[in-house]
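Listed in TrEMBL:
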- 26-265: domain 'Radical SAM core' (DOMAIN)
- CYS39, CYS43, CYS46: [4Fe-4S] cluster binding site (BINDING)
- PHE45, CYS46, ASP47, GLY102: S-adenosyl-L-methionine binding site (BINDING)
- SER48: Mg(2+) binding site (BINDING)
Amino acid sequence: MTVKTTVQPTARLIEVFSAIQGEGLNVGTRQLFIRFALCDLRCHFCDSAHTWNAPATCRIELTPGLRDFEIHSNPVSLPILIQWVERQNLPCLHDSISLTGGEPLLHAAFLKEFLPQVRSLTNLPIYLESGGHRPEQLAMVLPYLDSVGMDLKLPSVSGESLWTEHTNFLQLCFNTHLEVFVKIIISDNTDPAELERSAAMVADVSPDIPIFLQPVTPLAASEQLTETPVLAPAPEKVLMWQALMKQFVPQVRVIPQTHKMLNQL
Ligand code: SF4
């Protein structure tokens, strides 16, 4: 059954569900995921290409972790999303709420109203996962965030040079004393010069910010976005690149997408 909503403000969503976080600093924790539609980047390795455009419907898990999804039409109103979060928020279950996508900051106007309400209702920390290229939108929601994972996009994978935006984004997080980390996806074709520049950029903001190198999970043939498949880096390259970056930032950790190993969403 498709349920319709017309109340303002609204957001375009992909899904709401409860799962284990598989990446970065919060790896292994239980999160209530709100995955927003729309992304303004086109990364070669994207495993969420279904989020790029706003779909007519989204899917909402009815019971945390049971994958008993109900289909709802987009856009979704703020009170309805609050109701869904309340239903998912069973006692002692979630460590935090994850705002993911797509690019959640394309919904900054919605988040500015939604986040203070959901925070006071659930008392859960709010974690933002972002491409880190929209510092102006980040500034709109910063007071309501507890931690941020900045997905630094290397020019060789996103096709765009976003160094200035990434620097401003990271600086804003650091100045606000948020828990922040940087994630960089690496493939066999990653340019070490870009990794070196990334580490230097992070160190300029603060050498205490941890960096997570995430070897790309190769996409299935039917999902590939480039003519030549994007392959995981050879083990010796990973060791070399970690050593290179540790000259700038002490905490450079290498963690693959563990949620895929666990068959999580
Ligand atoms: S920012 Fe994320 S959702 Fe957007 S294209 Fe890149 S990997 Fe995909």
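Easy rule for this one: first residue shown is 1, then count along the chain.
Including glycine, each Cβ sits where the backbone N, Cα and C put it.
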Binding-site residues close to ligand 1 - of PHE45, ASP47, SER48, only those whose C-beta is under 6 Å away: SER48
Cβ within 8 Å of the mean position of the Cβ atoms of CYS39, CYS43, CYS46: remaining residues of the chain near [4Fe-4S] cluster: LEU41, ARG42, PHE45, SER48, ALA49, THR51, TRP52, GLY131, SER158
Confidence summary (mean pLDDT) of the domain 'Radical SAM core' (26-265): 93
For GLY102 (S-adenosyl-L-methionine binding site), the number of other Cβ atoms found within 10 Å of its own Cβ: 27
